[in-house]
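Database features, via TrEMBL:
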type     : residues  : note
TRANSMEM : C:12-29   : transmembrane segment
TRANSMEM : C:41-62   : transmembrane segment
TRANSMEM : C:82-106  : transmembrane segment
TRANSMEM : C:118-135 : transmembrane segment
TRANSMEM : C:141-161 : transmembrane segment
TRANSMEM : C:219-240 : transmembrane segment
TRANSMEM : C:269-290 : transmembrane segment
TRANSMEM : C:302-320 : transmembrane segment
TRANSMEM : C:340-357 : transmembrane segment
Amino acid sequence: MTKRHNNDNLLGYEKIKSILNESPDLICRKLEVGQEGIHIIFMKNLIKPEILNEYVIKYIEELSVEYLHYTYLMKNIPIDEIKVNLEEQEIISSLLNGFAYLYFLDEKKAFIVNCANPIERSIEKAETESLVYGPKISFTESLTSNVKIIRQNLNDYNLCTDEIKIGERLQKQVRIVYIKDIANHDTLQTLKDRIKQLKMEDIIDSSVLAQCLEDKHYSLLPQFILTELPDRFIYSILNGRIGIFIDGSPVAIIGPANFFSFFESTEDIYLRWSLSTFIRLIRLFAMVGSLFLTAIYVATMTYHFELIPSKLLIIIGQSRSQIPFPPLLEALLLELLIELLREAGARLPSKVGQTMGIVGGIVIGQATVEAGLTSNILIIIVAFSALGAFSAPIYEMGTAVRIARFPIIILAGVWGLNGIIVGICILIVHLLRLTSLNKPYLAPLYPLRMKDLKYFLIRLPHHFYMRRPLVNRPKDSIRLKERLKNITDLDEF
Amino acid sequence: MKKIVILLCSLLCTACMAPEKIIEMQGISTIIGFDFLDDNTFKGTISLLQFDRKEENTSVTLSAEGTTSKQIRQKLEEQTSHDITSGQLRTILFNKNMAATVGISSFLDTMQRDSSISSLIFLAITDNAEETINNTNYEEYPEMGSYIYQLLDKHEKKEMLVNSNLHDFITTLYEIGIDPTLPIINNANGVAPSIDGVALFKEDKIVGSISLINTLYIKLFTNNKAFLGDITVEIATEELEKRGMAELNLSKSDSYKITLHPIKYKGNIEIKNPEFVHLNATISVSTLEFQPSTSVKNKDSLKKMEQLIGEALNKEFRYILEELKNLNTDPIGIGRKIRSIRKYSHLTEGDLRQNYSALKIKPNIQVEIKRTGLVD
Amino acid sequence: MRSNIRFVNAFMAFYIIHTSQIGMGILGVPRIMYLESKKDAWISILISGLFVSLITWLMISILKKNEGGTLFEIHEHIFGRFIGSIFNFLIVIYFIAVHYSITISYVELSLTWGYEGVYEWVGVLALLILTIYAVSGGFRVVTGVCFLSFLLTIWLLFVVYQPLQRINLTRILPIMTTTPSEIIKGVFKSSYTMLGFETLLFIFPFIKEKNQLHLFSQIAVWFTTILVLITTVVSILFFSGKELEKNVWPVVSMISTVHFPFIERFEFVAVPLWILVIFPNLCITLYISSKGIKQIFHIKQKYGIWLISIILFICSFLITKRVDNNYFFDQVGKTGFFLWFIYPIFLYGITIIKLKINTRSRRS
């Protein structure tokens, strides 16, 4: 009878030990109960000793003998998660995840119980994305607590958190978070298919996953929003987007993204509409400025001095005089310098980093101008474009803008304004060709959806937002059914 | 494959840089002046901006002689280490003599053909272009080119000149039935150059000039929002008495001067027939100054006053028209107006010129005193 | 993957047709028109616009009678595979010529304004790479280019405000002094500028709401007509006759009197910006011609694009002189006139006859 259940999958201590390469952490606690006893096998550092002691060992020892068999224990052991009918692979990976393996020598049966002691950081303030108003908490490295945060804030039975496992060696749990009656089915299916088709040995972080899921891998532009803010995550999901968590990453992925969504911050919702609209436009303007201003300087200095108004001419001419480099080289040097400062500032501890930025910015800038290596006008322009790139609420977009600036500067240095316009054309075509999860990237501008423009370009008072933006193709686009029934005038919104 | 091809093409494209015009390598000319020597030789003078960090020398002037403007340019190039460019050229000065004898259209043609020269560039006439450019009194501006540009720009912006830029001049020159004008710049030792009257052209040659104030009679009919400038009218006292305005209690002076400030105006060329033209205009003015001071209170005397001023203006206008007819130049564009009427649209330039000297023109300026300032 | 993404909304037809009409032509049209019909050029343009509007109506009827499809498919359907292919081939050649005429005239313009000394082929190559990149994205991208280019350049219209300060109304007076024959010649000459509405014949299958297409194409052609009309009238009022006759690009010269406090010479900005204006033209002509190649030889559109691009690039070494160019533009304009102003009338007749024969044969 016992033989019937005894398949090869059930491992003994010795076998496990050999599979785990004689790991010194592997411990086998032998409980002398019943005839031959029970082996409790676990990894020393991965389990929480209190759980194992209190709810497994103590519990078993306090049981009377008649209950000491596999079936009773499996049903009654006071631990939330147990696994039975095990494969060899799963036993090992569970052990490595902090489970304890209970092996009944009498019956040749086994199950495993969860005693895991995951490393968890307490929930803290968001670091990379900071808000003036609004909730400050951020996601952590623990998937469980991330799902907890979302569930707590979005108490909806339609909120689905589908689980997919990825990775060959480094197995990771991925959660796809969406609201069932809002999120578009096709998009969801595309995303799931893509995740399942991933052929990667290891995916360390969500940013890696996001890169692997992109539609166009060669594009400079990010195709998923990465965020560490739960409120942004929830806002996106409520608008029909789909979120992804990955085990061990404090950054969540949101898709499908479109170009303008990288310029919206949740703060836009918290602030009053007039200010948010203004800020949003400022951000777009800053982005455009950041992309093209240095290039325009290079083009003007190299080819089109005719464009400069008389009053500026002498100031600019004097600042450029005796500079040994052509404008293109001058601009590239200074841009690289700024990038270097930024990079050095990011690597250094935060206190030193700030000093570094100021010292670098002021001292080096001043010194280069004094030495006559660059013109002071260019310093202003480069500083402005650096600022502009940082104003993007999503860090990735800022980096994309910073990188995209260089080809445009080179084009400007080669062909002047014509080169800049050629650059704009390439950019336009690229944006048009780009998709995110098969949804057009430039939406709602193209394909044009007038009703959606208020979501991305500007922000109106909240009563205008009766529907969800159509760009994500939500299943159910009406947000406030009751109100919409009564107020037919607002139907167009 | 495709990506490689695109990459290669891009590399090929970027390898072919456009010819550079880096700003500090350019000898940026802001003003150029042409003088007439003799035997078709001209002397060109330019002022080049100098970019110096210490801001000591902001400009340098060069001169060269040659038979065409491009030849002069070539010779000027020899004198400097910079490439002379005209992308920032703002003003062209012509010698008065040259404009009167040779004409300036051949110069303007090359200017117009050259895409680097703006069509808003100013043209002006001066007695000696070289001396004007070499004049070192230019107020707070860095060099002569900037100063003259600002001088002309101020007058242009306030619509005090009839035409002053290349586009206006050429358009008027090519147009049938109207003649262009250009400002005259006066250059004296020790002071900054100033505008001193307007040159009248027949075709592309100067035939005469009128004062800046008198251009108001031209602007009345050519430009509907020009700045006319204040008008001072002189009326003989006996004239006033004759009209029964003795109650004004005039003092004993023999003439009576009024300065008026035009508020708005409307001019209209009315063609009765090709031989007879009315020039109607109404000007609304506010009175600025009475010399000797007086006040006009009742409606009747105001009306009479308006009439008197109108007559005085007409008288002066008639005199100017007579002079224009003598010079056979038509800056008002009467010919153009005649031609715009269907019956006479066949008339050629020659016909119009012939017609012009025999033309009967009746000026009819009416003045309306709208405001009198703070006091009556 | 024949998903929804292939279709575009009917109102996009407005942008496609309008932007494929506006291009290099409008920069020179006032002069060309003035040379023929003098002060009454605007009448020619209005007549031309009316004519274009009628042809648009005719084209829509042809398309509807043939149950959709592009002109290439209609040709094969009406004339059979072989003769249809010959017709299609001619059309492909026409579009290649149009593409080349646009490219080379832009390059010439650009070289005049600040880029003297650059080889023509460099400019042609740069524009070609851009166009290939856009066209290989498919119809959706081409439409997007039309739309965005419209948005990014329509503000140039307001720049006319500054030249408007310098106009003189008497220059257009008296009206109706030219003879009718001159006006008709003007209509003929305006064809190069007005052409582009033929795109309609090739976009029909991609439009989602087919019954609205007519409305939007009419709006597009009238909008173009009005733009051309405004440009011409303002140019006539702005320049004196003799000056207008001499100026190759009167519109650029007109823009050169525009200046802003921060930009002294606006034409140096406007000329590069014009790449954005001609970009839809280039995309659409390349798209249609490569589509034609695909229809005739049954090869992938991708190969068509590359084939045409290579032809165009080789051409850029051959026709570069101003005189040759002018002759070339003239010929393209003339061919376009016959092909798209006259030929649709015949095609309409043939379609009707064909339909009658079909119904009769079905009845018997």
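Glycine too: its Cβ is placed from the backbone N, Cα and C atoms.
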Original post:
For the transmembrane segment (C:82-106), what are the same-chain contacts with Cβ under 8 Å, counting residues 6+ beyond its ends?
Top reply: 23-24, 71-72, 75-76, 120, 123-124, 127-128, 195, 274-275, 278, 281-282, 285-286, 288-289, 292-293, 295-296, 308, 311-312, 315-316, 319-320, 325, 328-329, 331-332, 335-336, 339
Subject >> Stretch with greatest number of CB pairs under 8 Å, the transmembrane segment (C:269-290) reference, C:12-29, C:41-62, C:141-161, C:340-357 candidates >> reply: C:141-161
**OP:** Please work out whether the transmembrane segment (C:302-320) lies in contact with the transmembrane segment (C:12-29), by counting C-beta pairs under 8 angstroms that are 6 or more apart in sequence and asking whether there are at least 3.
**Re:** no
**OP:** Quick one: find which recorded stretch in C:12-29, C:41-62, C:141-161, C:340-357 has the most Cβ pairs under 8 Å with the transmembrane segment (C:118-135).
**Re:** C:141-161
Original post:
What parts of the chain pack near the transmembrane segment (C:12-29), using Cβ distances under 8 Å and only residues at least 6 beyond its ends?
Top reply: 101-102, 105-106, 109, 142-143, 146-147, 149-150, 190, 192-197, 199-200, 203, 207, 213, 216-217, 219-221, 223-224, 227-228, 231-232, 248-252, 274, 277-278, 280-281, 284-285
Original post:
Among C:141-161, C:219-240, C:340-357, which stretch has the most Cβ pairs under 8 Å to the transmembrane segment (C:41-62)?
Top reply: C:219-240
Original post:
Considering pairs 6 or more residues apart, do the transmembrane segment (C:219-240) and the transmembrane segment (C:340-357) have at least three CB pairs under 8 Å?
Top reply: no
